[in-house]
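Under the heading signal peptide, TrEMBL lists 1-24. Under the heading domain 'Ig-like', TrEMBL lists 41-129, 136-230, 263-351, 356-443, 449-536, 540-627. The domain 'Fibronectin type-III' annotation in TrEMBL covers 644-739, 744-838, 843-945, 949-1045, 1081-1173. The compositional bias 'Polar residues' annotation in TrEMBL covers 726-750, 1309-1325. Annotated compositional bias 'Basic and acidic residues' per TrEMBL: 1216-1236, 1243-1253, 1262-1271, in sequence order.
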Amino acid sequence: MMKKKSISASKASLVLFLCQMISALDVPLDSKLLEELSQPPTITQQSPKDYIVDPRENIVIQCEAKGKPPPSFSWTRNGTHFDIDKDAQVTMKPNSGTLVINIMNGGKAEAYEGVYQCTARNERGAAISNNIVIRPSRSPLWTKEKLEPNQVREGDSLVLHCRPPVGLPPPIIFWMDNAFQRLPQSERVSQGLNGDLYFSNVQPEDTREDYICYARFNHTQTIQQKQPISVKVFSMDSLNDTIAANLSDTDIYGAKPVTERQPILLTPTGSTSTKVELRGNVLLLECIAAGLPTPVIRWIKEGGELPVNRTFFENFKKTLKIIDVSEADSGNYKCIARNMLGSVHHVISVTVKAAPYWITAPRNLVLSPGEDGTLICRANGNPKPNISWFANGVPIAIAPEDPSRKVDGDTIIFSHVQERSSAVYQCNASNEYGYLLANAFVNVLAEPPRVLTPANKLYQVIADSPALLDCAYFGSPKPEIEWFKGVKGSILRGNEYVFHDNGTLEIPVAQKDSTGTYTCVARNELGKVQNEVRLEVKDPTMIIKQPEYKVIQRYGQVSFECIIKHDSTLLPTVIWLKDNDELPDDERFLVGKDNLTIMNVTDKDDGTYTCIVNTTLDSVSASAVLTVVAAPPTPAIIYARPNPPFDLELTGQLERSVELSWIPGDENNSPIKNFVIEYEDGLHEPGVWHYQTEVPGTQTTVQLKLSPYVNYSFRVIAVNEIGRSQPSEPSEQYLTKSANPDENPSNVQGIGSEPDNLVITWESLKGFQSNGPGLQYKVSWRQKDVDDEWTSVIVANVSKYIVSGTPTFVPYEIKVQALNDLGYAPEPSEVIGHSGEDLPMVAPGNVQVHVINSTLAKVHWDPVPLKTVRGHLQGYKVYYWKVQSLSRRSRRHVEKKILTFRGNKTFGMLPGLEPYSSYKLNVRVVNGKGEGPASPDKVFKTPEGVPSSPSFLKITNPTLDSLTLEWGSPTHPNGVLTSYILKFQPINNTHELGPLVEIRIPANESSLILKNLNYSTRYKFYFNAQTSVGSGSQITEEAVTIMDEAGILRPAVGAGKGYSEILFATSPVMHTVRPTFYKVQPLYPRIRNVTTAAAETYANISWEYEGPDHANFYVEYGVAGSKEDWKKEIVNGSRSFFVLKGLTPGTAYKVRVGAEGLSGFRSSEDVFETGPAMASRQIDIATQGWFIGLMCAVALLILILLIVCFIRRNKGGKYPVKEKEDAHADPEIQPMKEDDGTFGEYRSLESDAEDHKPLKKGSRTPSDRTVKKEDSDDSLVDYGEGVNGQFNEDGSFIGQYSGKKEKEPAEGNESSEAPSPVNAMNSFV
């Protein structure tokens, strides 16, 4: 138990120690400094671990190293010292460890096979190379064998075995014929990974005697050939003929015809197999099947998907290729061969192992005496690699003791180092599949300060721009830097200066008084040194008179001015550009000191002219546009494009040049300015023409520069002022020879996609840029600033390579070099890339929130250390969300908001907050990989604000002297409500406002009754809520009181305009103020009071609408009780009535009204019935002419009879008129009534008026156009046709004449509905 406690205590102290480590020194890359400082050896170049050499050439084993003092070199061979002095064939290059073994002068490569290791040593330590295994390449001959001819029946499968000799490295296999032509391959015939040639089924055309397998040994550039193999395919027809010729008729059965066969696997055999592949390698799986028809191969991964972007199918899908495999690619892969007769499958179990790869390779450590440090060596693999440490090439267990050193697994901890602690340490990570070896030195230096910036260096800047004064330094321990202005000035401090870690002094805004001498002082415990630099601040350059826009006639003269002002100590240069390019080389352009003049202006001078003024410190520019207009008209001349050149001829053909000549076509009245020469590459891009060059129009020959490995054709285009001619006919073709590439890929980049890789990409060379066949790329990389050797790999013609096992986000030096079959391109330039980013490790600390007002807050945080970002710092994200409203104390769904602040900012503003609310926030750092952990949630509260407007205001229950108001509390109170403010004032007929009355209402009230108001008066209301902060926004409404009590029965004020009356029971809050009637726009839309007035074939539909303005209505109707779909009619405009036409008489209909765009918003249904059909229209004969004439005749006749009777009576005689009339009644007089003398079927207007009670005198006509009785006693309503009087579509009354009257409604109708226009009209009928 005691032992376990001590172990855990030591681990705790180790963790505490690592947390207190002091970062190592950074040594500037100053060549003079590096030459003076002592440094342990570093291996800079070495041969590969597995080194296969050409046995015909000298063996060169590389080993280069650097150090101070220069290191000495020694070698071991097969684990023992290799004394090169005793072997005359072996020499070592001067000042180098590279061995040269002389094979060409009698030595044998086989004698030098073995494992070599180089050691570079100086007084500060020893570095060792990898174990370099030397093996000579072998290309043995084919063993002689007797090959029998292959006779096979048509449709059968066949395998031709290659069995190449075992070489080093293994040869490349291919099949050819005697004419050295590759044998064609297809889904039916293909070459396997082992080199054998597989036939899924043979066909007669496969018969030949020259199937030859070739083995190419690239290392020795030799090709070995197998003896030709003969294949003869017998078809069924020829086989039957042979049998018939040798057998009697009774013996002939005949060969069976070619039969189709289901698939069987030729390779691999069985139903399952296994394969082991190493991480990072290419996994190749193969399935080749026999069958007729030829089977099709398909691949799947059991329980998963084939990796995207890394999976390729080769050899007609018979080979599955997965590049850059990882442990995740382990699993079962199934190949399925299928044709129309069936299928067969094979499962390959793949296991991915891994040779060791770096997670963290040890890095060189430069320390000062007494400092602490660590070397960390972390690797991974499958199986897990073993880590072993060496000191100066000796296992650390037997190396000399060092009290400052402590080994803890994959870490060596150094504490209180001294100069004698300097050494080179090696970390070896190994498993059964390989090993990694890394050298890292510990260099303990005690150096007094040195300033590397040259003394009295002069810095010049423009006023109001930043100035950076360098003070590059080195010392061990790390010196402290101070700056002074002047020789005896005080130390510089304050916000006007920025002091960088590398010693640089930054003056963000340099002024004229910043000019002077600045002194940099570097000091540590070993000494002090200072250096002086000078700063000069110059006046900025300005253009005090800029060029101006000009319009000039053709052939005129124009001048642009450009007058400048500059610092007297700076020498400016003025450059003029036309359309951002150099001025034309034309004597018409005259450049003066302060101007540009153009003589004899032409159309081509039209454009933008720019004056650019440059000094050694700044640059300014100004532009102006020149527009050229037509000169006075001249006689028209027909101009046209030139005709194309012809008779192109190539002469003087050389490897890199050729001479092209041609004959120009007709100019067509416009001189040819120049000829454009284009070329076509028939080898790489046939049919695509590229620009080559152009020459003046007076030239008809040109010497053209050519690229290697291009099949050239040329054409020429003539150009004049009008335009370009058609291209000439192409010249003859000219194929140039191949050569090394002249250039390397461009746009080389290194960006990691994962934390442990580096993705190197580049733009591949185009077609002819390859200069020859076999284009490949040599990709090289090494970690920056750690003195590692270059690691290189040659890849095919691709544009990407992935380096795995890299440390997270470290810089790398990268270069990509092109090569082809003839050699390498020039040495490429190096670029800097970074390995992959990982998520940030820590969250920002010290998060503080300062609430500025009720809707705005400012958040501060401390930046995270850059080393914990583990990537490119992109900025910080602030997540914030509302927890609850302090006024309502009710939580709601949390909706987080995010604000991103770019760069290394340490504060940000949070706008759009809700007042009087509780919020939380946290801050996260962001890099290219994503977000880091969140800081602890910070709670803050916003103060009260002014409320929003009340949610609604309803004014209802109008009487002669009272009005009811109801309202809803604000949607966003933004605090504690203290009261409501109601203001109102009357409005007269000329829209003038009367005195304003204000009422303060307690916050807990929601309704109010106003009494003692004037009747028939319009008022305007203003209503808002208040908190302790102030008043919120107000809502306003207008209303009109009624004229008398008759109007209280549901007046339709504002009908059709989105207004309605809403009746509420309100609390009895009373105020003795002037009374008001109020109209309010509803908060929610609805359609109510749908009424109908039906005739025989049409019906008038009217309704009341409450809701938003500009609603588009529609009417739906159908036969009542029917299951048929509703019919729909669109209402024009926003009117509140509609006439349905074309109805069937005597039919019950259902109707409803809706509004477009409001889902599910319709009225309730109403049912009506049309009037019964009439045989014919009754005509009011009282208005007919014949009836009036007849009545006049009867009256005249009666008058005559009366006169006669009177005369006869006066004479004393009696004439029995009455008796005669009773006995002989006149049919025309029968309809007359005895009681009132009226016609039986027709009543006078007066009698109609008496049968119906009129409206009260003084009642107002509602605004929905109902007709007042007293306004028109002879209204056409009295002559209405059918059941009801009707309105047409524009609201006017339709008067029809009919003798038929509908039965009067009962007096006791208790409907509470407001009288619609139709009902009002019916009341007069």
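Each residue's number is its place along the chain shown, starting with 1.
Cβ from N, Cα, C; glycine included.
All TrEMBL annotations are machine predictions without curation.
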Close approaches to the compositional bias 'Polar residues' (726-750) from elsewhere in its chain (Cβ under 8 angstroms; 6 or more beyond its ends): 643-646, 648-650, 653, 655-656, 658, 660, 662, 678, 680, 682-683, 689, 706-717, 758-765, 769-773, 775, 777, 781, 799, 812, 814-826, 828-829, 831-835
Whole-number mean of pLDDT values that fall within the domain 'Fibronectin type-III' (949-1045): 85
Counts by DSSP class (helix H/G/I, strand E/B, coil) across the compositional bias 'Polar residues' (726-750): 0 helix, 7 strand, 18 coil
DSSP-assigned states of the domain 'Ig-like' (41-129) in counts, ordered helix, strand, coil: 7 helix, 46 strand, 36 coil
The domain 'Ig-like' (356-443) versus listed stretches 41-129, 136-230, 449-536, 540-627, 949-1045: most Cβ pairs under 8 Å: 41-129
Counts by DSSP class (helix H/G/I, strand E/B, coil) across the domain 'Fibronectin type-III' (843-945): 3 helix, 56 strand, 44 coil
Counts by DSSP class (helix H/G/I, strand E/B, coil) across the domain 'Fibronectin type-III' (949-1045): 1 helix, 56 strand, 40 coil
Residue distribution over DSSP helix, strand and coil in the domain 'Ig-like' (540-627): 3 helix, 47 strand, 38 coil
